[in-house]
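As written in TrEMBL, here are the features:
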- LYS196: active site, proton acceptor (ACT_SITE)
- GLY16, ALA17, GLY18, ALA19, TRP20, GLY21, ALA145, ARG260: NAD(+) binding site (BINDING)
- TRP20, ARG40, TYR57, LYS113, ALA145, ARG260, VAL284, GLU286: NADPH binding site (BINDING)
- LYS113, ARG260, ASN261: substrate binding site (BINDING)
- LYS113, GLY141, THR143, LYS196, ASP249, SER259, ARG260, ASN261: sn-glycerol 3-phosphate binding site (BINDING)
- 12-164: domain 'Glycerol-3-phosphate dehydrogenase NAD-dependent N-terminal' (DOMAIN)
- 185-325: domain 'Glycerol-3-phosphate dehydrogenase NAD-dependent C-terminal' (DOMAIN)
Amino acid sequence: MTAADVVPFARVGVIGAGAWGTAIALAALRAGRETVLWARNPDAVEAMRRERENTRYLPGVPLPPTLDLTTDLGEIAKADAIMLVTPAQHLRTACAKLQPSLRPGTPVVLCAKGIELSTGCLMSEAAEASLPASPVGVLSGPTFAVEVAKGLPTAVTLAIRDQELGSRIVETLGSRSFRPYLSDDVMGAQVGGAVKNVLAIACGIILGRRLGDNARAALITRGLAEISRLGLALGARPETLMGLSGLGDLTLTCTSLQSRNTSLGTALGEGRTLSEIMGERHSVAEGVHTSAALGELARRHGVEMPICRAVDAILNRNADIDETIASLMARPFRIEGR
Ligand SMILES: NC(=O)c1ccc[n+]([C@@H]2O[C@H](COP(=O)([O-])OP(=O)(O)OC[C@H]3O[C@@H](n4cnc5c(N)ncnc54)[C@H](O)[C@@H]3O)[C@@H](O)[C@H]2O)c1
Ligand SMILES: O=P(O)(O)OC[C@H](O)CO
């Protein structure tokens, strides 16, 4: 089958009008699709309709009049393909609310990056349990929402088991500025995106403590080793972990203060407390929850993740930053690659 034979879906529904949901809706519109964006808050929908801007989560980016906005999940369920873009901890509830009106066979593409705290489930595991009649895919990669929303060049991984369906989703979302690469490694496409948020907090701490560029490069590299160990234990393919959703997203997130996880880590490193930082923010920093979920998941699979464990200890068990860094550096010397 050539690209010319692949028929894109006509109508895309996007659940979640945070920064990323809004940016994905704009990418779908730019690709030429009818697009409807769902937000749970009627006042937010009213404000977006009136101002043609998502002033709370994606200020400064105009919303074209062709973007439909709704609070009715029934409207979303009529779409041919659905993008699910709530924060990771709310994904299961969103699936449960969507399920009664969803037509069997409608693909649902998960865009959250994280691990469910209450169960240790990756996003596809949580969604497949709630939506047994829907093919579930994953979209992940190095993607700051504002850049996608403005149409700056971006590439992502789109992973789904059914490759024919995957090709249709690629055609549906792909454009001259948004380039999805198709994969069938659904597990692999999620691991990098979830773990990099925790590693980005660690990189931020290093920035905030002014520990230097060497330390950050070491952390990114050893962090990639942690992603790889966990990914392989969960059945991911190495090339996925080295691709856009793995190495690509790790590189982006750990090297930019645009990242909410990196900037949260920086503030921690500068001496602020987690509750102070969280009290000033309304947008999500997924690494906080995922760091707590990762410990148990890694233990269950016999995987060593010392950097992620250190972030969890600092965020969730009040560990002292300098002592935690000192104990990471005091670990026994190792052979690289093992
Ligand atoms: N922003 C980005 O650049 C970006 C890029 C790629 C992936 N992601 C991922 O997408 C997911 C969403 O991130 P975001 O940037 O859109 O977040 P955001 O902080 O911009 O917005 C959060 C959204 O979640 C909604 N929300 C809060 N509680 C909810 C609940 N109980 N049920 C349903 N919705 C709820 C809010 O109303 C808001 O629309 C995260 O997992 C994030 O890691 C974000
Ligand atoms: O701002 P962050 O840290 O949530 O990162 C956003 C995206 O995941 C980057 O790919």
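Along the chain as shown, residues are numbered 1 onward.
For all residues, glycine too, the Cβ spot is worked out from N, Cα and C.
Unlike curated records, TrEMBL annotations are generated automatically.
Annotated features taken from TrEMBL, shown on the structure.
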residue : record                               : DSSP (3 states)
GLY16   : NAD(+) binding site                  : coil
TYR57   : NADPH binding site                   : coil
GLY141  : sn-glycerol 3-phosphate binding site : coil
LYS196  : active site, proton acceptor         : helix
ASP249  : sn-glycerol 3-phosphate binding site : helix
VAL284  : NADPH binding site                   : coil
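It is 5 Å from the Cα atom of ALA19 (NAD(+) binding site) to that of TYR57 (NADPH binding site). Rounded to a whole value, the Cα-Cα separation of GLY18 (NAD(+) binding site) and GLU286 (NADPH binding site) is 13 Å. The record assigns LYS113, GLY141, THR143, LYS196, ASP249, SER259, ARG260, ASN261 to the sn-glycerol 3-phosphate site; their largest pairwise CA distance measures 16 Å.
Within 10 Å of the Cα of ASP249 (sn-glycerol 3-phosphate binding site), the following recorded positions from the list GLY16, LYS113, ALA145, LYS196 place their own Cα: LYS196.
Mean pLDDT of the predicted structure over the domain 'Glycerol-3-phosphate dehydrogenase NAD-dependent N-terminal' (12-164): 98. In this structure, none of the recorded positions GLY141, LYS196, ASP249, SER259, ARG260, ASN261 sits close to ligand 1 with a C-beta under 6 angstroms from any of its atoms. Cα distances from ALA17 (NAD(+) binding site) to the recorded positions TYR57, LYS113, THR143, LYS196 are smallest for TYR57. Among the binding-site residues listed (TRP20, LYS113, ARG260), TRP20 has its Cα nearest to the Cα of THR143 (sn-glycerol 3-phosphate binding site). When secondary structure is read from DSSP and collapsed to three states, ASN261 (substrate binding site) falls in the helix class.
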